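As given in TrEMBL:
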ACT_SITE  His186  active site, tele-phosphohistidine intermediate
ACT_SITE  Cys486  active site, proton donor
BINDING   Arg288, Arg325, Asn438, Asp439, Arg449  phosphoenolpyruvate binding site
BINDING   Glu415, Asp439  Mg(2+) binding site
DOMAIN    6-123  domain 'Phosphotransferase system enzyme I N-terminal'
DOMAIN    153-221  domain 'PEP-utilising enzyme mobile'
DOMAIN    252-524  domain 'PEP-utilising enzyme C-terminal'
Amino acid sequence: METVLRGVGVSDGVAVGEVRHMGTAVLEPPVRTVAADEVEREQARARQAVEWVAADLVARGNLAGGEAQAVLEAQALMARDPELATDVERRIAEGSTAERAVYDAFAAYRVLLLGAGDYLAGRVADLDDVRNRLVARLLGVPMPGVPDSDYPYVLVARDLAPADTALLDPALVLGFVTQEGGPTSHSAILARALGVPAVVAVPGAGELVEGTTVALDGSDGQVVIEPGEELRAELVARAEQRRAAVAAVSGPGATSDGHAVPLLANIGGVGDVAAAVQAGAEGVGLFRTEFLFLDDHKQAPSVEVQQEAYRQVLEAFPEGRVVVRVLDAGADKPLDFLTPAEEPNPALGVRGLRTLLDHPEVLAGQLTALARAADGLSVRLEVMAPMVADRADAAQFAAACQAAGLPAKVGAMVEIPSAALRAGALLREVDFLSLGTNDLAQYTFAADRQTGSLARLQDPWQPALLDLVHAAAQAAQTRGKSCGVCGEAAADPLLACVLTGLGVTSLSMSPTAIPRVRATLAQYTLAACQEAARAALAADTPQEAREAVKGVLGVA
Ligand SMILES: C=C(OP(=O)(O)O)C(=O)O
Ligand SMILES: [Mg+2]
């Protein structure tokens, strides 16, 4: 009988493969005194580790190219720094182990860098990464970051941050299993974007032995350890059945009686456009522009660089609609040059639109780049701000868009309960709303979206969250304006029917989720969706809401 771990399935499909762990930050090596006759051997070990890590960084740089190559080469130079080497040798001569000597020597250097002013202080994160790599090499534990592998594997991690995944090779990752994270965490979003199965919030994922074969089902949240042949075949067959049912429906999103619900794609850049087009997306409902800003730790990309990146996306949807979200920095998406370093509670701090209003030149640069990118194109450009709290926020954003001469509809994301409750006030300033249900759940339930143990509260079926969706959608409907959903809630096929019934006018999701949502929506009339919505609102728990909706829609 196989051992089964259970978590939350967040990206459909089945993967079978060997476990590879994401290397975690290195712990402090214990203090141990080495005997005099071990000193030379320890010093040699330290030198070898430096050479190995530096060569590895250079090799990774060659693979990555561009800006990443420059950063990785600078890190290789740090690893080979002669002063650091002398300090390490001295510490070993005084009785430290190689790993402890490296750890302490880097700590001393770190203090120097921090004291040397802004520019050098900004390199501390790079220095820490080099230290972690050296210590990991000396301790014989996995390197921090994405594992090196020549063959496909199931990636196991505590959780994944956007920066962790910059060097991820999608061809090698069969699926994700994470210990932390909920349905709206970056691991879940990334898995859906890559179209790989994923199960998050799996207690015990950290203890999965490297190299063990697992089978994961991203639909029901099972992770089976060392699955037998029969079970593997059964899981794969079930996934295939689901896939075939979905492939049978195509065309624009609509209920069975023809109520149109445009199905749009969430993208992070031009790299995601092909998948969106292939999935039949009717446009882009959320272009997350943060990825453009991750390359340089010191400053925003130039207007020209941004203009080119936006243009490539806009050109891909000549007749469609593209909703671009201006930079959402801070909290789970920190940017060194914009995000305050010492906020006690970053999720409640200066983030999203607040960051941009504090740095109006960054907002103006982005809006100018968008205006230039859209010039002469037939695409329907819409631009929205993240983390709008009240009418004053909406007004300031609308004014900035006007000042930039943006030929676009202007919108506000509804991610804070205050914005949903007073959606009507926001709509006096902007043309449309887009519900970011990931953050809206986080702020409604005071439940960090990155904390796996709080997944229950991040469940988009929570009736309180649906109340807020309803409030915003109704406010928009009354004023004849649109109100879409671009949070991960839209990717859940049954919930998509409920959202439609609540009055939401479009659904935006990872491209890979579109076919299933389209196929499910096409099975029900608008009236059935509205009845499902009433049943969900009448429930007290997410489980009750799911069951009630399944009852109304006749789902087994
Ligand atoms: C779409 C959203 O934005 P992000 O996930 O990028 O914070 C959201 O919060 O629902
Ligand atoms: Mg958000």
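Backbone N, Cα and C define each Cβ position, glycine as well.
On the backbone, the CA of Glu415 (Mg(2+) binding site) and the CA of Asp439 (phosphoenolpyruvate binding site) stand 5 Å apart.
Checked against ligand 2, the binding-site residues Arg325, Glu415, Asp439 give Glu415, Asp439 in sequence order as having a Cβ less than 6 Å away from one of its atoms. Highest Cβ count within 10 Å among the binding-site residues Glu415, Asp439: Glu415.
Residues in the domain 'PEP-utilising enzyme mobile' (153-221) partition by DSSP class (helix H, G, I; strand E, B; coil) as 16 helix, 19 strand, 34 coil.
It is 9 Å from the Cα atom of Asn438 (phosphoenolpyruvate binding site) to that of the residue listed as 'active site, proton donor'. Taking Arg325, Asn438, Asp439, Cys486 as the candidate recorded positions, the subset whose CB lies under 6 angstroms from any atom of ligand 1 consists of Asn438, Asp439, Cys486. Among the residues the record lists as binding phosphoenolpyruvate, namely Arg288, Arg325, Asn438, Asp439, Arg449, the two farthest apart have Cα atoms separated by 20 Å. With a 10 A radius on its CB, Asn438 (phosphoenolpyruvate binding site) counts 23 other CB atoms from all the protein chains.
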